[in-house]
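Structure, as structure tokens:
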Amino acid sequence: MGLKRFVSFSFLVFIPLSVAAEKLEWGALTVFIVAALAIVPLAIWLSTATEEVALATGPTIGGLLNALFGNATELIIAIVALRGGLVDIVKASITGTLIANLLLVMGLSMFLGGIRYKEQSFAPVVARVNASSMTVAIAAILLPAMVIYTSTSVPETAISTMSVVAAGVLIAVYGMTLLFSLKTHSYLYEVSQVELADDEGHHEKPNLTLWMTVLIIATLGVAFESEIFVGAVEAATEGLGLTPLFTGVILLPLVGGAAEYVTAVGVALKNNMDLSVSIALGSSLLVALLVAPVLVVIGQVIGQPMDLNFSLFEVVTVIISVVIANVISLDGRSNWLEGALLLATYSILGTAFFFHT
């Protein structure tokens with residue numbers, strides 16, 4: 001039994017434990033840890049169900065489902081936190097998810113895959129397209145902060161309006177990337193889709209009704225557990241002496257993205273680095289171009305205004321992550337040393353976030 005399958009079944013025990021921990025008031029830290037562990041198997045089932053439904057519905061609809069549900073767990077947790085007024089943690093989690101995918105996931109995949117296979121290859125064309133799209137997203141994230149730091153006085157309404165406009169543009173850009181990857185240039189992405197099907201061992205069409213049911217149940221489960229998790233996050237992290245910034249940047253992405261991390265590293269160990277890099281870069285792109293702007297829009301609707309005005313420190317760390325990941329991935333080849341460099345960068349940035357106040 002593989003690690004992913006083991007976790008997806010054995011960790012389900014934490015779901016009733018999280019409910020008991022909350023109802024019996026076992027303490028914020030205990031509730032926080034148990035709820036986080038309960039989200040992990042639900043995220044794996046959500047990810048697996050999305051892949052199965054995608055395979056059952058064909059390349060176009062399936063690709064759209066993968067694109068929209070690829071970061072569903074992170075989005076659900078963020079929406080619950082946003083509804084609870086934890087705007088700073090939500091914004092930090094966007095930064096953290098980008099950094100984790102670009103440095104931690106790609107780093108682990110390249111490092112472990114490189115140790116086993118010495119050198120691995122992947123499609124550089126897809127990496128270049130993702131790099132270009134990420135540059136647009138970084139510009140949208142950078143500009144509000146730059147406007148504030150270079151202006152004498154900027155009203156909050158102006159930053160809010162700028163963020164909404166930028167969110168609309170980013171969503172439009174994401175729509176164009178979907179058109180590019182699913183329609184006009186779908187042949188560039190066919191290798192990853194075939195590798196995913198082969199890696200999961202599919203020889204017959206999945207049961208659509210079964211996996212749609214699993215998808216709905218897993219989504220509701222993640223939403224339910226997110227309420228418990230978010231309800232304890234402030235008290236738990238304060239008790240540990242952690243700042244909201246560190247909590248959002250480091251802890252939340254590890255909980256929400258666990259399923260993707262396991263999948264990316266797993267396929268890298270099977271010498272499918274093309275798929276592994278596609279998962280890491282694709283997830284980063286989804287967060288930057290869709291999740292972040294959608295959260296801006298949702299925040300306006302539910303009365304918890306959220307803008308794209310990230311701190312200068314966060315912006316710099318994201319730029320560093322994007323530049324390093326792009327430089328390493330553009331040649332279409334990877335080895336264990338490049339993975340180690342990405343992991344080293346993630347460790348340094350993580351330490352900086354820990355001490356940042």
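Glycine too: its Cβ is placed from the backbone N, Cα and C atoms.
Annotations in TrEMBL come from automatic prediction, not curation.
For 29-182 (among others), the entry in TrEMBL reads domain 'Sodium/calcium exchanger membrane region'.
Residues or ranges marked as domain 'Sodium/calcium exchanger membrane region' by TrEMBL: 213-349 (among others).
Annotation source TrEMBL lists transmembrane segment at 31-49 (among others).
According to TrEMBL, the transmembrane segment annotation covers 61-82 (among others).
For 94-113 (among others), the entry in TrEMBL reads transmembrane segment.
Annotation comment: TrEMBL describes 125-149 (among others) as transmembrane segment.
For 161-182 (among others), the entry in TrEMBL reads transmembrane segment.
Residues or ranges marked as transmembrane segment by TrEMBL: 210-233 (among others).
If you look at the transmembrane segment (245-269), the same-chain residues 6 or more away from its ends with a CB under 8 A from one of its CBs are 2-4, 7, 36, 39-40, 43-44, 46-48, 70-71, 73-74, 77, 81, 88-93, 95-97, 99-101, 104-106, 108-110, 112-113, 116, 120, 195-196, 199, 229, 233, 237, 275-276, 279-280, 283, 311, 314, 350, 353-354, 356. Annotation source TrEMBL lists transmembrane segment at 245-269 (among others).
The transmembrane segment feature in TrEMBL is assigned to 281-302 (among others).
If one looks beyond the transmembrane segment (308-329) by at least 6 residues along the same chain, the residues whose Cβ comes under 8 Å of a Cβ in the stretch are 91-92, 94-95, 98-99, 102-103, 106, 110, 122, 124, 127, 131, 134-135, 138, 140-142, 144-145, 148-149, 159, 162-163, 166-167, 245, 249, 277, 281, 292, 296, 338, 341-342, 345, 349, 352-353, 356. If you look up TrEMBL, you'll see 308-329 (among others) marked as transmembrane segment.
As annotated by TrEMBL, transmembrane segment applies to 336-355 (among others).
Residue counts for the domain 'Sodium/calcium exchanger membrane region' (213-349) under DSSP (helix as H, G, I; strand as E, B; rest coil) come to 114 helix, 3 strand, 20 coil.
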